[in-house]
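One structure below.
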Amino acid sequence: MIHVSATPVLALRGVSKRFGAVQALTNVDLEIHAGEVVALVGDNGAGKSTLVKTISGVHPIDDGAIVWQGRPVRVHRPQDAQNLGVATVYQDLALCDNLDVVANLFLGSELKHGPVLDEIAMEKRAKELLDTLSIRIPSVRIPVAALSGGQRQVVAIARALVGDPKVVILDEPTAALGVEQTAQVLDLVERLRERGHAVILISHNMADVQAVADRVAVLRLGRNNGVFDVADTSHEEIIAAITGATDNAVTRRKARTSNGGDQTEVGGTDSKFTKEDAK
Amino acid sequence: MSDLTKKPAAEPEQRSAPVSKEPFATEASAAPVPAVDPRLLVREQGLKGYWTEFSRKIRGGELGSLPVIIGLIVIAIVFQAQNDKFLSASSLTNIAVFTSGLGIMAVGIVFVLLLGEIDLSVGSVAGMGAAVWAVLNVSNGWGDWASVLVAVLSGLVIGALHGLFFAKVGVPAFVVTLAGFLGWSGLQIWLMGKEGSINTPTGGIVENLTGYYFEDKAAAYALALVAIVAYAGSLLLDTRRRRAAGLPARPVSEIVLRTAVVAAMVLVAAYVLNELPGSRGLPLALVLFLAVLVIADFVARRTTFGRQVFAVGGSAEAARRAGIDVDRIRITVFAISGMLAAFGGLFIASLSGGATKNLGSGNTLMLVIAAAVIGGTSLFGGRGKVWSALLGMLVLQAIQQGLNLLGMASEIQFMITGAVLLAAVVIDSVSRRTQKTAGRA
């Protein structure tokens, strides 16, 4: 059902990141193809947000490589990621409260009329964009400070789409949203996929993940802990990978001793693990 | 999934839309329901709508420049009642000329405050700029233009240096500019050497900065006319382009009203400068100040750089993640502040008849920062207008002029100026709190 090109649009190979004494990411691999939604899941502190920040240039990586459409690239600053075509919606939204909605949408990529800001073109495009996303905000000319939490979230998502990016990263986009807005955001994610964008979706909400994602990449304690196809993976298997239920004394013993014994559902996930985890 | 079974004609904007290069363009043109929130207050057309909007804003705490303008009117009435020379030509011309030099420095401070930072060095940089000019022009015989240019550029370099330490090294701006405050005034005293003061040469550029007047009455009226036409023209052009783009635009009645108010103000100012008994015409200082204001306001509101200054002042981290080079913005803003401080220093030298060892010390720094704050620029970054430099400095200079006319001692002037500053900040804080409860901040 999904047409996935051979070369991933974005691939991480053995990415590591340290913050002082904390090894936030160890040897993480990730591949995203155009027209694909990859959910990135993991417990708090698993390194999801750090991984996103390395891709978007907020924190440069210490080791490993970022490969963009088959060629290695260096992402040291947010501008580098933007120039490649990576747009990120951060968990803390990163909006400027004092600027109005239009200014926030086009911040960093303002439309210009010669050397002068083209406010009219920006306002017009902002309205079109917000109408498309069925986003209801009082006015595009009020400061973001005056918006509610849900309204800010949709403004932040709309902002990611202004530059027509190839890869869109959504960090917990539905955490602060109501029922209707959540559905709208999920619709939006599907629409992005149909347009050939690659989407990385970070979420704690398994219902959202199973609703829109094609594959689920699990992080645990800063390492890969399996990549699953959503279509043929159960909810419990993913939860098990997140919490590490597959990796404890009991399962390790079972893996050693039981050959041909009663393979449990949990044991079944082992075959899908990446190579690092098999070591 | 259900829409796959429906006929495509039933939902033209759905996923079956052809893949287009322009994102969302197809949906936008076929958007079925305009996303208007029914709870919104929609502004009525015409003057009545303008008035209800205005009174709603006032009640919501969005006072804008209103307190300052009311303050100016009160100041005028009180001092005129005490001394009928206050609204005379010479007194008003004095206010205009004294406002100009310090006002130019205040424009630089407005930019720094928009970043949410402070520049304590402007007084010392002003003094140093004046000293550099005097030493080059008078002691070393450089040309007028060259020495003025070097003086202003030295301010730019000093400001950039402050910005560099702040942005790249991470020293708080408060401390960097405090060090500059001491250091540059030391350099100023060293430059001035033993004699301690260098007089302004007669007929030179610096003397003319505040000494030259366009005595031809046509000058002031022509400038006023240009201002009115430019203001009305920009409003009309904006409205026409917005209408053409299908966006909500200002009603014509509002444009007429705004233009009338602006026209009344500039024509009264031109009349005062030209026609009152004893008037000397349009001061060059005021023209230069207005030019700085117009350029700075344009940069702040209409260019990418200005937008980025507001963004960094609102949230530096958000600006950084949006791809803005925050360090570059910070360095540039401090460079602008230093440059305008040195330029303002030349005005002070012009007014006081020369460069001295202690030019720019004393209350210069206090007046400049107070003007920006009184004019309505927030100390916390991201909120403010370039024009607040003009309004705030007018208030301060009007008070000073009035107290001078009444023969008040300078200690009383300090106390009154302090009280005015406090009152301005109190009004600002209270209105901001009202804005919060009205959900506008």
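From the backbone N, Cα and C atoms, a Cβ is placed for every residue, glycine too.
Residues or ranges marked as compositional bias 'Basic and acidic residues' in TrEMBL: B:1-14.
Annotation source TrEMBL lists region 'Disordered' at B:1-30.
Look at TrEMBL and you will find B:63-83 (among others) tagged as transmembrane segment. If you look at the transmembrane segment (B:63-83), the same-chain residues 6 or more away from its ends with a CB under 8 A from one of its CBs are 57, 374-376, 385, 387-388, 391-392, 394-395, 398-399, 401-402, 405-406, 420, 424, 427, 431.
Sequence annotations record features per position, and here TrEMBL assigns transmembrane segment to B:95-115 (among others).
If one looks beyond the transmembrane segment (B:122-139) by at least 6 residues along the same chain, the residues whose Cβ comes under 8 Å of a Cβ in the stretch are 105, 108-109, 146-148, 150-152, 154-155, 158-159, 180-185, 187-188, 191-192, 198-201, 204, 206, 337-338, 341-346, 348-349, 354-355, 358-362, 364-365, 368-369. Annotation comment: TrEMBL describes B:122-139 (among others) as transmembrane segment.
Under the heading transmembrane segment, TrEMBL lists B:145-166 (among others). For the transmembrane segment (B:145-166), the list of distant contacts is 108, 117, 119, 121, 125-126, 128-130, 132-133, 136-137, 172-173, 176-177, 180, 184, 205-206, 330-343, 345-346: same-chain residues at least six beyond its ends, Cβ to Cβ under 8 Å.
Taken from TrEMBL, the feature transmembrane segment covers B:173-191 (among others). Counting same-chain residues at least six beyond the ends of the transmembrane segment (B:173-191), those with a Cβ under 8 angstroms from any Cβ of the stretch are 112, 117-121, 123-125, 127-128, 130-132, 135, 158, 161-162, 165-166, 334, 357, 359-361, 365.
Taken from TrEMBL, the feature transmembrane segment covers B:218-237 (among others).
Residues annotated as transmembrane segment in TrEMBL: B:255-274 (among others). For the transmembrane segment (B:255-274), the residues of the chain that approach it from at least six positions outside its boundaries are 47, 50, 89, 92-93, 96, 217, 220-221, 223-224, 227-228, 231-232, 235-236, 239, 280-283, 286, judged by C-beta separation under 8 angstroms.
Sequence annotations record features per position, and here TrEMBL assigns transmembrane segment to B:280-300 (among others).
Marked as transmembrane segment by TrEMBL: B:331-352 (among others). Same-chain residues lying 6+ beyond the ends of the transmembrane segment (B:331-352) with a Cβ under 8 Å from its Cβ atoms: 97-98, 100-105, 107-109, 111-112, 114-115, 117, 119, 121-123, 125-130, 132-134, 148, 151-160, 162-164, 166-168, 173, 200, 206-211, 285, 292, 305, 309, 359-360, 364, 368.
Listed as Cβ neighbours of the transmembrane segment (B:364-382) (distance under 8 Å, sequence separation of 6 or more from its ends, same chain) are residues 64-65, 67-68, 102-103, 105-106, 109-110, 113-118, 120, 122-123, 126, 181, 310-315, 344, 348, 388-393, 395-396, 417, 420-421, 424-425, 428, 432. Among the features that TrEMBL reports, transmembrane segment is placed at B:364-382 (among others).
Here TrEMBL flags B:389-406 (among others) as transmembrane segment.
Among the features that TrEMBL reports, transmembrane segment is placed at B:412-430 (among others).
Most Cβ pairs within less than 8 Å of the transmembrane segment (B:95-115), among stretches B:280-300, B:389-406, B:412-430, belong to B:280-300.
Outside the transmembrane segment (B:412-430), and at least 6 residues removed from its termini, the chain residues within Cβ reach (under 8 Å) are 61, 63, 67-68, 71, 363, 366-367, 370, 373-374, 376, 378, 392, 395-396, 399-400, 403-404. Within its own chain, the transmembrane segment (B:389-406) is flanked in space by residues 65, 68-69, 71-72, 75-76, 78-79, 82-83, 85-86, 91, 94-95, 98-99, 102-104, 106-107, 109-110, 289, 293, 367, 370-376, 412-413, 416-417, 420, 424, which lie at least six positions past its ends and keep a Cβ under 8 Å from the stretch.
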